[in-house]
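Colleague: Got a structure for you, written out below as C-alpha cells; questions coming shortly.
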Amino acid sequence: MSRLLWRKVAGATVGPGPVPAPGRWVSSSVPASDPSDGQRRRQQQQQQQQQQQQQPQQPQVLSSEGGQLRHNPLDIQMLSRGLHEQIFGQGGEMPGEAAVRRSVEHLQKHGLWGQPAVPLPDVELRLPPLYGDNLDQHFRLLAQKQSLPYLEAANLLLQAQLPPKPPAWAWAEGWTRYGPEGEAVPVAIPEERALVFDVEVCLAEGTCPTLAVAISPSAWYSWCSQRLVEERYSWTSQLSPADLIPLEVPTGASSPTQRDWQEQLVVGHNVSFDRAHIREQYLIQGSRMRFLDTMSMHMAISGLSSFQRSLWIAAKQGKHKVQPPTKQGQKSQRKARRGPAISSWDWLDISSVNSLAEVHRLYVGGPPLEKEPRELFVKGTMKDIRENFQDLMQYCAQDVWATHEVFQQQLPLFLERCPHPVTLAGMLEMGVSYLPVNQNWERYLAEAQGTYEELQREMKKSLMDLANDACQLLSGERYKEDPWLWDLEWDLQEFKQKKAKKVKKEPATASKLPIEGAGAPGDPMDQEDLGPCSEEEEFQQDVMARACLQKLKGTTELLPKRPQHLPGHPGWYRKLCPRLDDPAWTPGPSLLSLQMRVTPKLMALTWDGFPLHYSERHGWGYLVPGRRDNLAKLPTGTTLESAGVVCPYRAIESLYRKHCLEQGKQQLMPQEAGLAEEFLLTDNSAIWQTVEELDYLEVEAEAKMENLRAAVPGQPLALTARGGPKDTQPSYHHGNGPYNDVDIPGCWFFKLPHKDGNSCNVGSPFAKDFLPKMEDGTLQAGPGGASGPRALEINKMISFWRNAHKRISSQMVVWLPRSALPRAVIRHPDYDEEGLYGAILPQVVTAGTITRRAVEPTWLTASNARPDRVGSELKAMVQAPPGYTLVGADVDSQELWIAAVLGDAHFAGMHGCTAFGWMTLQGRKSRGTDLHSKTATTVGISREHAKIFNYGRIYGAGQPFAERLLMQFNHRLTQQEAAEKAQQMYAATKGLRWYRLSDEGEWLVRELNLPVDRTEGGWISLQDLRKVQRETARKSQWKKWEVVAERAWKGGTESEMFNKLESIATSDIPRTPVLGCCISRALEPSAVQEEFMTSRVNWVVQSSAVDYLHLMLVAMKWLFEEFAIDGRFCISIHDEVRYLVREEDRYRAALALQITNLLTRCMFAYKLGLNDLPQSVAFFSAVDIDRCLRKEVTMDCKTPSNPTGMERRYGIPQGEALDIYQIIELTKGSLEKRSQPGP
C-alpha cells in the first residue's frame, strides 16, 4: 500500500519490529501544540523560582521525602519531585517574570490572588518504565503495539480483490465456505484474520440471529441458524451461547487460554449490533477479536451535528430550498444577534446521515443500495424468510460488499484525519464493552414490572374516583362554579323509549281480577307479620308475582333497538366508560388515563395557584383572574348566568387568594425549580446535546420571523402571543402570555412554559419535563381528597419505567453454561450451582456523534437510582460474577479541566494562571471560590443551576441559551430579568467582545476622522465597531467593508479560554490539541464559513475529552498486560470508566487506574507545552471497588421496586472507595503481583 498507515515517530521504530526497550527520558525541548503558544514561552526568560514581591511567602511544608512541596509561581502545588522527574525529566523552562506578573494581576482583578491553599501530602510512587523519549512517543508506541495486528488485518481487506458472490447460497445449519467457483463446503468457523460481517435477525422471533454473511480477502461465508433451517412448533426465548454465531471457537470445542486467542478483526456497519450475536464475545475473560465500525469512522470523517442532520434531511426531501438568505434577513440576523442564517451549504455535498445506503453513496457512489428486503426481517415471520431465502441472502451479501467498499475508502481517510495511533487503539478497545449480570437481572425485571403494574392500578383507581366524584357536581349545577370543570360536556342524554302500542281492552277474567286481600307491592299490609300463610294464600301470591313479571317483560318492547349508553350521565363521563357491548367492558370510567385532556381538570391541577386550562391553538396553559375588558362583551341585558357556560372567574380569584394565603404572602416570590433529568450533571447528563438544540432553536425561530416579514413587506405581523393592548395584561403576574385570542371572560390565558421556547405548545402537563415542577410545588393537584395528589405522585414514580421498560426488557442477555465459566468463578465460595451467570453486550457506537463520543440508548443514558422512581436501580443490576469485582473511577471535572488547561497554556503557560484555571485547580466549595459557587454568587442562582450554565458555556452555548435556561429554572422571571441575569453572567465569565481593526478599517477611521477609544493593545469595543461600520456604510453607498482583523474576549474569568477554543474552532482545519484529530469535514470552515460555531466550539472540548478516554484505555491495557492483571474493559459512561477484574487483582487494578490518570493528564500538559502537572488533578479522588455498577459505593439504591436496598434484597454489601494514599498503602506502591494483599 502506497500510503503509510502510521506516520513515523522520530527516534522510534514503527511496524512489526521490536518495540524499543523501556527507559527513562530527560525532556529537553517540549513541542507545543500551538506555534504561537510555544513561541511566546520560548521568548520568556528563564528565571529563578522566587518571583516578584507580590507573591506571598509560602509555608515550609515538607514532602514525604523530607523536602519542600513543589509549587509553581502562582502557589499551585505541583507533582512531587520524584514523579515530575520520572515523567517530564529534569530541568525544563520556567515562566518569565512578565508572564507571572500578568497572571497575578489577572487573579487579583477577580479576587482570587492570595487565597489560602490547603497543601496535599506528596505522592511518592515508582512508575513502570516508560517507552521512547517523551510522553507522546510512549503513548504512540503503546498504541502501535496494541493496534498493529488489527491494522495489518485491515490492510489485507484494503488490498484484497474480493471473490465474486456465489450463484446460490447453501441451506445448511452453521457456517459454509464458498470456493472460487461458488462450491459450498461446510466449515466450523471462518479461520480468517479479517472479515467484513453482517447479521440479520427476524425480529418477530426475538433477538436470536437468523442468518449472516461474511467475506474475507479469499472467500465468502454464510451462516444459518438452527431456528431457520429446522422447523419446530416453538423455541425457548432464553438465549444460550448455542444460539449464537461462532467466529473463534468451533461448536463443542473448549475455549482457548488467554494467550492462545488470535488477533482477528471484524468490520461492519453499526458493527456493535453484529457483535452482540457472536458467541465468544459473551465469555467472561474475553478474546482478542476487535471490531471496526464504518458508521463510527464516518461520524469522525464526515458526520453531521444534530442540527445539520435536520437540515440535511429537509434538503434531501426537497422541503428546504438551498439558497442564501436575503439581505434583509442577514441584516435582521445581525441585529438580533441570535446566530447567523444558514448561508453556506457546501457541507451538504461532503456529508450524509449514518445509514449504509447514504454512507455508500457518499464514499463510493454508483446506483443506490436496495433496502426493501430488509422489511421482511422487520415485519415478516420465519416462514417468510424461508420462502425468500436466496433473495435475502443476496441482500445480506450486498450489504457486506457495500460495507467493504466503504471501508476501503474510509480507513485511509480516517488515519489521515485521526493520525495518532491512540485514537484507533482506543476505539478498538471501546468496541468490546461488556456488562456481567446474574439471576438478579430477571428478578429486577419482574420486581420493576410488578411494582409498575400495581402503581398503575392504584393510579387508575384514583383517577376513576376523581371522575365519579366530579360527576356528582351535576346535582344543582355545581360544576358551573368549578374552576376546572366548567367547560366540559355536561349535556345529559335523556332516557328514551318507544311509544306503547295501543291494544284492545279485554274484559276482565277471573284470573285477572285483583285478589281480595292482596295489596300492591310496598303496601303496608305486606309489611305486617300475619303469621304463616295458608296454601291458598301462597297460591294467590304466586299468581300475582307471575302477573307482575309478565307485565314487566312486556315493557322490553319499549326499549330502543340499540341500548343507550349511560343515559342520565354527562357527556364527558360517558366517553370514559366502555359500552356494554365492548368485549373488554369493565364498570365505571375505566378508559380514563393520563393521556386524556380531561385528566388534568379532574385532578384540579394548578400552576402557581392558577387552574390549568386547555386551548386547541396554544395547548396547555392556565387561567389568571382579574381581566375586565372582556366582561363587557356580553349582549345588553344578558347576565352572566343566562349567557350559557361562562368561566367562573370569581371562583378562580378565590382559589388564587386562598393559595396566596397558604403560602403566607400576598404575592409569590421567585422560587427555583429542581433540575429536569436532562440537565442533571450525572453520568447520563445530556447537556452537551441540549446546548446545541436550544441554541439553534433561536436561529430557527428568528429565521421564521424573517420569512414572515419578507412575505408581507411593511405589513405588521399577525397577533402574536402577547397580542392586544398593554392594559390587558395582569400587573401581578407575568409568564408566557397573555394570549388574548383565548377570550375567556374575566381571565387571561398563559401558556405553560415549554423547554424549547415560548412558541412551542405543551401537549401534556404530565411530561417528564414537568417532574421538577411537581417536586417543587409549582404544579400541584388541587383540593378535594387525596386521589389527585396521589395520582400525581404515582405518575412521577412510574415515569422512568414507563419510558424505559421496553428498552430495558429487550436487552439481549445470554446465560453461560457452567462449562463456559472460568475456574475463578466456579471455585469461588459464593458460586451458586443453581444461579444464572451471563452478560449483556451494550450496543455501543464507538463514535456516535461528531465529537466522537460513544452512543448507546440504554446504558450510556441510565440515571442513578432514585427513591421515587420505579426501576431506576437499573445500573446496579450489572453485577460481577463470584471471584470478580468492578473497578472504576470518575474523572473529576474532566471537561472543565481540559478547557482550563487550554486557557492556561494560551494565556501565560502556567497551570492556574487564568481565573478559570485557578478556580478549577484551587477553588474550594467551602470558601465559595470554586467555579460553580462563583457563578452562583455572581448571578444569584443555586450552585446546581450554576453548574449547568458553566458547562453550557464551555460547550459553546451563547447568551440566548442562558436566558432560556434561566426562565426554565425559574419560570417566574420575566424575559427582561432573565436577559439581565444572562448578560451579567456572560460579562463576568466570558467577558465582552473586543475587536482589532484591519488595515482597511484603520484607513477608513483615519479618512473619515472617526473618534474611537482603544485599549492598550489597540482593541476597540463593540459600540465603536458598530459606529465605524455604520458610518463607512452610509458614506460609501452601503458598500461592504472588511474592517475587522481579529476578535477576542476580554475582562472575564474565562476570556482566555474562549479565545483559545475559538481560535481552534476557526482555524483552517480544526484539530484537537493533544491527539490532533480533525473535525468532521461537514464542520470545517471551508465548508460552513462562519456557521455552526456552537457545534465547533463544543467539538474542541468534547473531542478532547474523547482523546482523554482513548489515552486512558491504551494506558490501562498496557498496564494490565505488562503486570498480568486479570481484567477487561467493561464500559465508559461519559467521564467514568469501569473494568471487570479478578478479585485478587483488584488493588493492583486500582493503582493502574491512578497511574493511567496521572499519565493521561501529563500527556495533555506536555502537548500544550506545560512541563508539569498540579497535584490536585494528578490522581482520581477515589477509585471504586464494588460488586455492582453504581454511582457511589455507599449507595443502597433504594427505589419503589427495591424498597429494602441492594444489601438486604440482593446480598450486595457496600464497596470500597480508595484514594491514592490508601491504594499505595495496600499495594506498597507496586503493580507487581507479590504486592497484592489477600481478599
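Each Cβ is built from the backbone N, Cα and C atoms, and glycine gets one as well.
Keep in mind it's a predicted model, so treat the numbers as computed, not measured.
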Colleague: For the 2'-deoxyribonucleoside 5'-triphosphate site that Swiss-Prot assigns to Asp890, Val891, Ser893, Glu895, Arg943, Lys947, Tyr951, which of the candidates Asp1126, Asp1135, Asp1145 is also assigned?
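Modeller: Given Asp890, Val891, Ser893, Glu895, Arg943, Lys947, Tyr951 bind 2'-deoxyribonucleoside 5'-triphosphate in Swiss-Prot, the matching entry from Asp1126, Asp1135, Asp1145 is Asp1135.
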Colleague: Of the candidates Thr846, Thr849, Thr1053, which does Swiss-Prot annotate as part of the DNA site that also includes Ser306, Ser593, Lys806, Thr1094, Ser1095?
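Modeller: Candidate in the recorded DNA site: Thr849.
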Colleague: If Swiss-Prot is the reference, give me the range from 342-349, 406-413, 1134-1141 marked as motif 'Pol C'.
Modeller: 1134-1141
Colleague: Pick from 87-95, 267-275, 456-464, 771-779: which stretch is listed in Swiss-Prot under motif 'Exo II'?
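Modeller: Result: 267-275 is the stretch Swiss-Prot calls motif 'Exo II'.
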Colleague: Spatially, which candidate from the binding-site residues Ser306, Thr849, Thr1094, Ser1095, Asp1135 is nearest to Ser893 (2'-deoxyribonucleoside 5'-triphosphate binding site), comparing Cα atoms?
Modeller: Asp1135
Colleague: Judged by the number of other CB atoms within 10 angstroms, which among Arg579, Lys768, Lys806 is the least packed of the binding-site residues?
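Modeller: Result for the binding-site residues Arg579, Lys768, Lys806: minimum number of other Cβ atoms within 10 Å at Lys806.
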Colleague: Under 8 Å between C-beta atoms and at least six residues away from its ends: which parts of the chain pack against the motif 'Pol C' (1134-1141)?
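Modeller: Same-chain residues near the motif 'Pol C' (1134-1141) but 6 or more away: 284, 434, 436, 683-685, 860, 880, 884-891, 894-895, 1105, 1109, 1112-1113, 1116, 1125-1128, 1149, 1153, 1189.
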Colleague: When you measure from the Cβ of Ser593 (DNA binding site), which residues in the chain that are at least 6 apart have a Cβ under 8 Å away?
Modeller: Lys460, Leu463, Thr599
Colleague: Do you know the mean pLDDT across the motif 'Pol A' (887-896)?
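Modeller: Mean pLDDT across the motif 'Pol A' (887-896) comes out at 93.
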Colleague: When the Cα of Arg943 (2'-deoxyribonucleoside 5'-triphosphate binding site) is compared with the Cα of each of the binding-site residues Ser306, Arg579, Thr849, Ser863, Ser1095, which one is closest?
Modeller: Ser863
Colleague: Whole-number answer please: how many Å between the C-alpha atoms of Gly763 (RNA binding site) and Lys806 (DNA binding site)?
Modeller: 23
Colleague: Round to the nearest Å and give the CA-to-CA distance linking Ser1095 (DNA binding site) with Arg869 (RNA binding site).
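Modeller: Arg869 (RNA binding site) has its Cα 33 Å from the Cα of Ser1095 (DNA binding site).
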Colleague: Compile a sequence-ordered list of residues in the same chain as Val891 (Mg(2+) 2 binding site), six or more apart from it, whose Cβ lies below 8 A from its Cβ; state 'none' when nothing qualifies.
Modeller: Tyr1108, Asp1135, Glu1136, Val1137, Asn1157, Phe1180
Colleague: Can you figure out which of Ser306, Lys806, Thr849, Arg869 (the binding-site residues) comes closest in space to Glu895 (2'-deoxyribonucleoside 5'-triphosphate binding site), comparing Cα atoms?
Modeller: Thr849
